Amino acid sequence: MAARIPGLIALFDVDGTLTAPRKVATTKMLEFMQELKKVVTVGVVGGSDLVKISEQLGNTVINDYDYVFAENGLVAYKGGNLIGTQSFKSYLGEDKLKEFINFTLHYIADLDIPIKRGTFIEFRSGMLNVSPIGRNCSQEERDEFEKYDKVHNIRSKMVSVLREKFAHFNLTFSIGGQISFDVFPRGWDKTYCLRYLDEFHDIHFFGDKTYKGGNDFEIYESERTKGHTVTSPDDTVKLCTDFFLSEQDG
Ligand code: M1P
């Protein structure tokens with residue numbers, strides 16, 4: 001097999017880029033990524049934790065890709081091995097963490113939205129994930145909340161309140177999915193994963209939420225990456241075929 005292009009890595013967001021939001025990747029997409037991996041080094045960087053990324057890209061995900069960055073790279077794998085983790089709890093300390101969680105749960109308790117379910121705060125290694133409806137809603141309830149939120153701006157209003165109240169905590173609030181937002185220290189966005197990629201001088205990043213406020217924005221804008229905006233998983237396949245595979249066909 002020919003050597004892969006040295007110094008070049010193709011890095012992919014998950015939701016909206018490799019899969020429909022929070023859905024399982026198609027077999028066609030998984031096969032395409034393995035074809036691509038024959039030609040270039042391939043990594044994935046998702047906002048979700050590894051459990052969710054594995055549900056979407058498969059249980060063998062950490063071995064299927066050269067790099068897997070869960071929680072923006074706050075949990076990082078290379079060649080199937082864990083190479084780094086970050087701790088939101090250590091960053092904030094128990095007292096501030098409790099203050100933040102207490103306020104957030106009170107805010108959600110006072111929120112009048114059509115339905116609520118459970119798991120309003122998911123505690124992760126490098127971040128908190130906050131969901132006003134609750135993470136264990138059904139797919140149908142999730143889709144309904146997303147529509148409701150587009151009209152009533154439940155998440156963006158909540159983020160404004162938290163941002164002001166906890167300005168001194170130096171946090172970033174990122175709305176990357178349908179029903180929740182992520183909370184992490186400033187700088188722990190998707191650019192965090194770039195610290196593991198020093199050997200690459202040509203880093204192509206593909207993501208759908210590359211606009212300001214989207215959770216792909218910082219890495220898309222980073223001087224270290226060549227950012228590409230995609231509109232769907234099919235668009236990702238098309239762009240990558242043009243960039244990396246078309247010469248192979250000829
Ligand atoms: O990958 C984008 C986001 O996916 C999920 O969001 P939601 O459940 O709101 O659709 C979450 O895992 C979130 O952390 C992540 O950023």
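Positions of Cβ are set from backbone N, Cα and C atoms, glycine also.
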Per TrEMBL, member of Arg4, Arg22 binding alpha-D-mannose 1-phosphate alongside Arg124, Arg135, Arg142, Ser180, Asp182: Arg22
Site-mate of Asp13, Asp15, Tyr220, Thr225 for Mg(2+) in TrEMBL, selected among Asp208, Asp234, Asp235: Asp208
10 Å Cβ neighbour count around Arg22 (alpha-D-mannose 1-phosphate binding site)? 17
For Asp182 (alpha-D-mannose 1-phosphate binding site), which of the three DSSP-derived states applies: helix, strand, or coil? strand
Can you tell me which binding-site residues out of Arg22, Arg124, Arg135, Arg142, Ser180, Asp182 are within 10 A of Asp13 (active site, nucleophile) by Cα, answering none if there aren't any? none
